[in-house]
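Taken straight from TrEMBL:
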type	residues	note
COMPBIAS	1-16	compositional bias 'Basic residues'
COMPBIAS	26-53	compositional bias 'Low complexity'
DOMAIN	67-365	domain 'Citrate transporter-like'
REGION	1-57	region 'Disordered'
TRANSMEM	67-85	transmembrane segment
TRANSMEM	91-111	transmembrane segment
TRANSMEM	132-150	transmembrane segment
TRANSMEM	156-175	transmembrane segment
TRANSMEM	182-202	transmembrane segment
TRANSMEM	222-239	transmembrane segment
TRANSMEM	282-299	transmembrane segment
TRANSMEM	306-328	transmembrane segment
TRANSMEM	379-405	transmembrane segment
TRANSMEM	420-443	transmembrane segment
Amino acid sequence: MRRRHSESRFRARRRTRTEARIADAPSSGGPPDTGPTSSSGLTPHTGGTQGTTPDARRPTVLDMARLAVLVAGLLCVVTGVLPWREAVADVGRVGPLLVFLVAVIVFAELVKEADVFDVLAARIAIVARGRYWALFALCVAFAAVITMLLNLDTTAVLLTPVLLVLAARTGIPALPLAMTTIWLANTASLLLPVSNLTNLLAEARLGLSTHGFAARMWAPQVAALAVTALLLWIFFWRRGARGAQDRYRPPSPVSVRDRVLFRTGTVVCVLFAVAVLAGAPIAEVAVASAVVLVAAFAWRDRSRLTFSLVPWQLAAFVIGLFLVVPALSRYGLDEVTRALAGDGGYRTAAAGAGLANVVNNLPAYYAGERVVPPGGRDALLTLLIGVNVGSVITPWASVATLLWFETCRRHGVRVPPSKFVITGACLAVTAVTAAVAALILTAGP
């Protein structure tokens, strides 16, 4: 009896020492480049975010769905459901936008590979000095600026893994950081044409320059950001939502892998932002930025120049959408959209948000645009508010959200579906309402 009791105490002491070593491991000196995953499902390391896992290289359900949309669009053309001339016109319209989308994603991916995002994220966590409220404010500002200047897909696809790795290095819960990136990827995409593909689609019809677009949308953007920040804090960042931690452990500075690439990426980022704000043609600016960074990596580190940098499947998905939606519009979609949108600003925005969460924000905008009468600039702007800010309820409401879910899955971060939908519905209703109200209040005579 005494022997069994002694063995039991020995096993208990050994288990306690093991648990203590596991608990203390992240805080030792600085995280290694490889090692056991943290409690958030991430592997901490000092320089650069993790690449894709072997599982990520295999086709996923999302990959197959994107290709299926393209196949469906091509079938619409082959079977005559969508006339050839109309199909050519639709693809011709989206062609320049696809050039921009591909170029800006390649550009942003190489900026990430140059460790620019990692350095900024680590610096933000260091500046906040372990205070969650300061980290929250800085992360909101960081994600909002990246979305406004580099496009929402950059925030969802490239900034998300950076912040998730930061979570592992500091012991911060991963979900608040993940939700910050996806909510702001959508709700911070109103200010500039470059911020969202829907804005680029609307730009020509609106007849507004970059500055003119920003002049009309700055107030809705501020309103949407204020509501988003408030709900992020309530649902995910306050102490009761994130857990019992009062403070987090500030990380050590990121070790940059190549100083030349880092400086080049930083300079190109700054010049890109200046060019966009100056009203330069964004497709040309994105292509030039991507070419400069590709040349820099070809000189310094060719191993990171792979075909996976080019978002072929995303481009195929967008082309497919612009074939499927016009085909559906010929068979009743226009009438349904017209009945839903009505004449009022709030109703148009609600219809856009509703359609975005049922199908996707790109076809929702395209369908809504077809029923907005010529000269209906304010109606088109409220539609943009609905499809951009309101596409936060379902996982398929925007391409950015689909890509974000895939990124979270690769990093082992579980997003509770019910919480995502319920909190997203609260955000969609309040942020869309606030943004439309701001648009109406700042409308000219």
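Each position is counted from 1, following the chain as shown.
Cβ from N, Cα, C; glycine included.
Curation plays no part in TrEMBL annotations; they are all automatic predictions.
In this chain, the transmembrane segment (91-111) lies apart from the transmembrane segment (379-405): fewer than three C-beta pairs between them fall below 8 angstroms, excluding pairs fewer than 6 positions apart.
Counted over residue pairs 6 or more apart, the CB atoms of the transmembrane segment (156-175) and the transmembrane segment (379-405) come under 8 Å in at least three pairs, which marks the two as touching. Counting Cβ pairs closer than 8 Å and at least 6 residues apart in sequence, the transmembrane segment (222-239) and the transmembrane segment (67-85) reach fewer than three and form no contact.
Within its own chain, the transmembrane segment (67-85) has Cβ neighbours under 8 Å at 313, 316-317, 319-324, 326-327, 330-331, counting only residues six or more beyond its boundaries. Against the transmembrane segment (182-202), stretch 379-405 shows more Cβ pairs under 8 Å than any other of 132-150, 282-299, 379-405.
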